[in-house]
Amino acid sequence: MKAYINRTATFAWSPATYESDSPLIATGTVAGALDESFSNESLLELWKPFYAASADANIDADAKPLASISTSARFNRLAWGYANPSRPKGLLAAGLENGELGIWDADKVLAAAAESDAQVIKNTTHTGPVRGLDFNPLQPNLLSSGAVAGEIFIWDLNSPAKPYSPGARSSKLDEITSLAWNCQVPHVLATSSSSGYTVVWDLRGKREVVALQYGGGAGTAVGSLGINAGSALAAGGRRGMSAVAWHPDTPTRLVTASEDDSSPVIMLWDLRNSRAPEKIMTGHDKGILSLSWCKQDADLLLSCGKDNRSICWNPQTCDIVGELPSSSNWSFEVQWSPRNPGMLATASFDGKIGVHSLQSTNAPEPDAPATQQLNEDSDFFNQATAPQTTSKGLSLKQPPKWLRRPVSAVFGFGGQLVSSGGPSSKPFTPTVHLRDFVSEPSIVERATKLQHALDGQSLAEFCAQRSQDPSTRPDDIANWKALQTLFRADSRDELVALLGFSKEDIAQKVSQSIAAFKTNGTAAVEPEVTPVTNPIDEPELTKPVTSADDGADAVEAANEIVEPAAIATEPAPEVEANDIDEPGLFGDDAAGAANNDASDFFNQISAGQTPAVRSALPSHLLSESQPHIHSSAATIGSPAPSSVASESIRPSTFKIYPSEESEADKLITRALVLGEFESAVSLCINSDRFADAFLLAVRGGEELLAKTQKAYFEKRTAQLPYLRLFQSIVSDDLTDVVQNADLGEWQEIFVVLCTFSKQDEFSNLTEQLGQRLEFQYSLARNSDITQAKEHRKNAVLCYLAAGKLEKVAGMWIDEMKEEELALRSNTKNADESHKGTLYSARAEALQTFMEKITVFQSAVGYVDVDLQQPTQDSIVAETGARSYKLAPLYDRIHEYVELLADQGLISPALRFANQTPADYRPHGPADQSATATALKQRLLKAEIARPKTDTAASSSTNNVVAAASASASSYAAAPASNGYAPYDPYGQSTSSSVPTVPSVPAVPAVNTYQDPYAAAAPSPSVAAPQPPTQSRYAPAVPAPVPTAMQPEPVQTNAYGAYGAQSYQSAYQPAQPMIPAAPAFGASSYGQQQHQQQLPPPPPLKRDQSGWNDVPEGLAAPKRTPSAMSQHKSANAITSPFPNAPAQAPSPYGGAPGAPPTGPPRGATPSRGMMSPPPQGPPSGPGLAQQRVGPPGVRPPPMGPAQGQPRPGQQQPGPPSQAAPSAGPYARPPAGPGAPSANGMQQQQQPGAPPVGPGAGALRPPGQALPGAPGLAGPPGVPQRSATPGGGAGAPSRSATPGARGASQMKYPPGDRSHIPENQRPIQHALQREVARLKATAPPAQKRMIDDTERRINLLLDHLNCGTIDAKTVGGLMQIVAAIEARNKQAALNIHLQLVTSSSGDVAAGLVGVKMIISRL
């Protein structure tokens, strides 16, 4: 209750046109009731309710009315209306109990005028109490009144002297209880009577239109039947109608209320079908006394009655939408406020008029207890009758129309905008619209371009575009150029060029410098040496050579004797060869002579003279035309003249020990003569003659050269700075350059690393350089912003070259913040209303950041090891306590995922979400710290619920994860460390159903299939190429399960990735000392030509797994294999001699240990070449095979016949010496725990080729798929026929059902571009889980994982071709969601539902899915 008036009175609200800050209420003392004062006085009062914040019982006890006038009689009805310029506050009309109609001027009443002055009309036309009174809402000057005996008068207040009658008095009316004007048609009036009728009048026609009556179960329109009110039918159905009200919007609808306590109903009538009420509302316990229909909202109807209740209804639905607190006595009147529909008032006989608000905020108080402890002196009757007031307000179940939004909208996850709206006539049946909402189209465009670049592997071009984009910040241009260089093979050279360094430029500058030296004569020339004039005495030449020790002493003595001035201490300058004067090579002229001047030759040429050309080489080596002059030097002491033509003895001949030679030179010469290079080098070094030292050290060996270099660097590094750098380069100690070189020359340091560092050292060295630059950045960021940014840019370049994502991410985050601030600043300067663009600035900066991160990951192939090492501790995973080195990057990825999702890019968002650990919890507010798993689940749900659309935004995100995982390596394989649990075989029987097989394909098969159960294999680089898809009937993973539960899928070929043939086993046994099953890969040589000539095989019947299995007593005992012995136990017996060495591979492809392969193409095996029976009963699985194995089938003349064994069959006995080749389609060995196959499971079919008697040979291989690798398996051992001649009539197996599925595929295997966008989560989740299995599975189970991968690829092939039904796709989506959530049980339940209704390739693929689920 908002307010109340202490009066037992009828009331009326001031009209809507009344101008006041708050509405007024007029009250008139009600007739037939007494108040607390027991006064007989009748008052007309005007009130302004005090709207208190609380409804305490005494808050309005002393409230006084604004005006009060005494009247001659009490009031039955009070109405307030007809406000006009002459009477702005309107007129107050009252129906009194004495039959008088009184009308007062409200303005005069408020002015406290005398009663005679305030009353406008006082009419006594009515003969009885006036209980009906209403102003016409469309013509306010008309006032209707009703009294006893069906009296109805219409008053024109402009001339109220004489009233008008609506027509002839109706016989169906007695006392008029209520009347109401139609809200849409001004001349229609409805009147209700105590007789039980409600009559509708047409005042224009002055006639009764219709009379409505409620007869107990339905209303009755009796006006047209001429039934009188006093008739039996009418008398039996009389129930007084206490109130009537018109629909505020529809002129043909109205409601009536019954005051009968036995049938307190409200009837909704439609005059177009007036024979029965349209609806009946029940809820009151006793008769209803008043109705009020809200003019502003037709869905709100008030009623009150004898049960002390005031109820708010929705007449459209007949529901109670609210109820006021009950009064302690009858509530006899209720009205909506005309001006403020949120206010309403009720009057009751408990002496209060309550004013209520629909927006009351008062908290409800607890109800008083039913019984209270009474004091001894208390008055029982006073307490029993005390009014109980509560503060409980009216609370509606539905919003009123003026508060109801005509259109509502809300943003949904995934860029969805949900809006609802509808016509005002049907507010509760609105139309719901679901729209894609893109608030940042530039982000969508850029994200789409990024995805296109990833899909098209054109990220280098993407970098070039970003670096040339005018919108790119200058700081980012260097980043994009550096990123572009990382995609090139010679990225180091590109980085060097990016910094402005060029070898060509250096070479050009050196050439220019040399030319300048020549022109200016500034090149230093070695001092001329005085020529030898006196020969050395002969005794000097004949001196005995000292020993090594003596020579060392002599060297030391020379070091002491030689004066420093006599030894060149300055380094010899580098000069051109043309500038060096060597007089000993140009005749006997002394050095420095006039004709020996270095420029004399050129001077003679310029003077036109032609001097005699003399060569630096001896003339006897130039020409034989000169006269033979024998060299005296060559012939002295010779028994015969020398045969070598020589010039005569010239002064150019030299002495080994010239006289003017220093003692140090003599010692060097002596050491050289003896080959003592180390001593000579030592003397040269001590004499600072490093050029001579290096020449001698080169002849002395690498060790001496290294010592010479070290000594040279020690002495000369301080004088020549470039030697410090060269020393680091020569000694492979670039760490010294990185750590000690001045950072002002960081570019030179970086170029040195790019030029000289080793591949395995480059990353660490550039990281160290980046760390030095980053440290300078951290120091300068608070003082010199410009210098700090320069250091950061340089550090980013170093980290990019080093491939350190964790380093560069932090610095790019700083750049992102700066870019965001810059965008905000630009926005503020451009437009003051920038509040809505803060999100855009953040989005733009974040998009740039993620573009750089994505491109960088793809360029360097970054591997995030945290993704490969999931958290093992469940508590740590739940709390998010694990620390990650890329945590800041993960936070930005989560933010970017939400940004993409907000723009409707669900698939790209899901791909980026997968680049964070599953248990990572972003840092931020609690409501935004959902783990990566929760975010993925939400994205998956949005992806599943999203309709299939081929929009540009969605099509551009087809292969985000595929590209990102291949390049960014978020899911790249990491070294495995965990064990591998035995495979749960649940769900393997799903592939037992086999469809009909088509005819033989015309395209030749290619045998590249790998045996998933073969022994350990070499690296994939040695093996045959992996096929992109797998056989849907590839061998199931073995497990220790009962025989009846084992599937019998038929193997077939998968598509070959390449067209090459496999001529030998793709995998060789890892341990030849152990009898191992030969791997798949038997020769396909000799098949490609004749396969096309074979007739179509007969159709294959469906096999029902387990219906005719071998009894468990005959089967070999099964054991659960261990991780170490699993590959051993799966090997079949391939030789009767266990200790025999493995055979070499057959030239036709037979695996080691396999029987001789079949003849080459064109050769026909002899009919007599049948396998002999085994020498002894084999043990183990072979025994069961021999007992129940199928009869052998002899191969046809043109190579292997059609057929395919089941993967669950064990290998039979030892091979024959002339058995046909196992071929690429022989069945694989049975795994540990696999059931013994029953030979009778294969149904007999007519049309088999004839066979000879005796033991049967291997089952012939089946037809290969076009371009598919064959199922190269180990050769089978011949089986003993169960009956003589049992091989006769055995049918050849037709081509596998996989051939039919493959031939019908619209797109080639491995293609994933046609997978619908809403099904992309299936592809990426399965590929990601397969990558996880490959990374974590031990090597012993590699073939099992490969088999799972082939099954998944086959399933994805069908998904790409659109051959999987919608129900299965939906189930796969649910499985993917469960896998992402790591909900193993839910995934198993969904998988069970799928496998029970799937067959063919889908069933085979689901086996791979089951493998993934089992490893969660």
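Positions of Cβ are set from backbone N, Cα and C atoms, glycine also.
For the ranges 79-104, 105-130, 443-468, 1015-1040, the feature annotated in Swiss-Prot as region 'Disordered' maps to 1015-1040.
Of the candidate ranges 8-48, 125-165, 236-279, 8-48 contributes the most Cβ pairs within a distance under 8 Å of the repeat 'WD 2' (70-114). Tallying C-beta pairs under 8 angstroms between the repeat 'WD 3' (125-165) and each of 171-211, 236-279, 326-366 places 171-211 first.
Tertiary neighbourhood of the repeat 'WD 5' (236-279): same-chain residues 177-185, 188, 190-198, 200, 209-210, 212-216, 218-221, 229, 285-296, 298, 301, 303, 305-307, 313, 315, 318, 425, selected by CB-CB distance under 8 Å and a gap of 6+ residues from either end. Across the repeat 'WD 5' (236-279), DSSP classifies residues as 4 helix, 19 strand, 21 coil. Averaged over the repeat 'WD 7' (326-366), the predicted model reaches a pLDDT of 85. Helix, strand and coil counts under DSSP for the repeat 'WD 1' (8-48) come to 0 helix, 16 strand, 25 coil.
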